[in-house]
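Here is what Swiss-Prot records for this protein:
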type: ACT_SITE; residues: His350; note: active site
type: CARBOHYD; residues: Asn319; note: N-linked glycosylation site
type: TRANSMEM; residues: 4-24; note: transmembrane segment
type: TRANSMEM; residues: 36-56; note: transmembrane segment
type: TRANSMEM; residues: 79-99; note: transmembrane segment
type: TRANSMEM; residues: 154-174; note: transmembrane segment
type: TRANSMEM; residues: 195-215; note: transmembrane segment
type: TRANSMEM; residues: 220-240; note: transmembrane segment
type: TRANSMEM; residues: 244-264; note: transmembrane segment
type: TRANSMEM; residues: 354-374; note: transmembrane segment
type: TRANSMEM; residues: 421-441; note: transmembrane segment
Amino acid sequence: MENILGLMSKDDWIYTGLLLFSFGASCYVRKIGNNILASGALGFAMSLFIIGPKIVYSLGICSIAISIQLLANKKSTPLYVFLTTFTYLMFVRFAHYILPVNEVASHTNVIQLIITLRIIGITFEENDAWVHKSDENPTKRYLTELPTILEKFAYFYHFCGLFTGPYYTYQMLIDSQNPILKSWDPTLEVKSRFVRLLWSVPVFVITNHYFPLDILRSDAIWEVSFFTRLVYAALIFVVFKTRVYSAWAIAESICVILGIGIYPAASNPKIIMGPTDLNAFDKLKTRENIEMSSDAIVNLDIPKVEFSDGFRDGMKAWNRSVQTWLALYVHSRVKVMRVETTMLVSAVWHGTYAGYFMSFGVVAMCAILEDVIFKLVPVDTETGVRPKWFRILYTHTIRCRGFEMLATGFLLKNAYDVHHFWSSIYYWLPLLCIPFYIYSAKISKPKKAQKSE
């Protein structure tokens, strides 16, 4: 038994238990009618069981956010809720340094993260519906039903995705109540995800056992060659990816069973956006026995994560629901330094560890680096792709080795530990990016000046 338990950390075993329990619960909830309020109550009960009195952290921001939504000026509500929610998130993370309270960590932090996304998301959903309520021919779907206070709490604590993601909108939760989904069979969708587990779980367990993260924290990493350090970083990244591949295979299956993110395939659904072909959706939403798609809830595009040509495509394929949340509510709404601001918000959302800011800060520079390099080596007009030699060279040097380095910063978290390992590989990625970042900043200023003239 000890050997089996030793294959994963205590937190990993708890997450595994939560996912398996949630999977079983989703089957039962679907059977009894897929009630949103009951699912919210179940999620709250699970949270209370796992984190106990620490649940007051999430209850606090839920109550504050709803109060702002009720009392603030409608036009300014999204901004107030966004700033308040992130300020609160930072406060509770540092509260244990100044107050006699428990630290927000592990499962408590994950619940706080997911609820943060849901609070801000539903605020923007309500506001966008209010702004566009008089549109005669809307080009996108807006919230079709305004939630009550109780329904908001049920959404915030809905057990589906509460401990691992993916993020989904309140409108997607409403859409899951579509009566035709009761007769739709999710077996094939679930089966395809469980096939993934047949390879992702064994790879995770084996690599996690033989290549522990603590090696990067030890002085032993300095006793091996530079090449070996890069190989070890690559293996740590495999551990990280396969853990996530496995967890989200089950998490997506739970969504699918409950009908969250399931739409007619002809309506061209997109991640957390839902159907984008509104005419097709209106025609097909009440029809049975048609092809359905789960694209709106697919949180990973594994082929692109593994084989895309660049940083941008790789990042977009990873944790797609959060990436889209950031694109909708941060990137598209700020006027300057969009990539940098988006990465800053992403780092703050993940936590206060220096490793998050170091990794996401370098990601922003990597995007600029890639833009400059891709301009220097343009796409061939005949083939539609860049030269093969370049794709092989770029993918297997900057792109892959870069993602692996960034992953170590994300996982090591502590500034000392990140520096300990990154210095052993000579900070090669940031040092490579900085000149390109400065170059890009300089050449962009004249263009902005010309536009203003």
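Just so you know, glycine gets a Cβ as well, placed from its N, Cα and C.
Distance noted between the C-alpha atoms of the residue listed as 'N-linked glycosylation site' and the residue listed as 'active site' is 13 Å. Neighbour list (the residue listed as 'active site', Cβ cut-off 8 Å, at least 6 residues apart, same chain): Leu113, Tyr356, Phe360, Phe410. Beyond the ends of the transmembrane segment (154-174), by six or more residues, the same chain brings 15, 18-19, 22, 25-26, 36-37, 39-44, 46-47, 50, 58, 62, 107, 110-111, 114-115, 117-119, 121-122, 125, 141-145, 147, 247-248, 251-252, 254-255, 258, 260-261, 272, 274, 296-297, 299, 319-322, 325 to within a C-beta distance below 8 angstroms of the stretch. Below 8 A, the CB atoms of the transmembrane segment (195-215) and the transmembrane segment (4-24) form 3+ pairs separated by six or more positions in the chain.
Within its own chain, the transmembrane segment (79-99) is flanked in space by residues 57, 60-61, 64-65, 68-69, 72, 109, 112, 116, 119-120, 123, 329, 345, 348-349, 351-352, which lie at least six positions past its ends and keep a Cβ under 8 Å from the stretch. Contact between the transmembrane segment (220-240) and the transmembrane segment (421-441) is supported: at least 3 Cβ pairs lie under 8 Å, counting only residues 6 or more apart in sequence.
Same-chain residues lying 6+ beyond the ends of the transmembrane segment (4-24) with a Cβ under 8 Å from its Cβ atoms: 46, 50, 106-107, 159-160, 163-164, 205, 208-209, 243, 247, 250-251, 253-254, 257. Every protein chain considered, the tally of other Cβ atoms within 10 Å of the Cβ of the residue listed as 'N-linked glycosylation site' stands at 20. Secondary structure at Asn319 (N-linked glycosylation site), as computed by DSSP, is coil.
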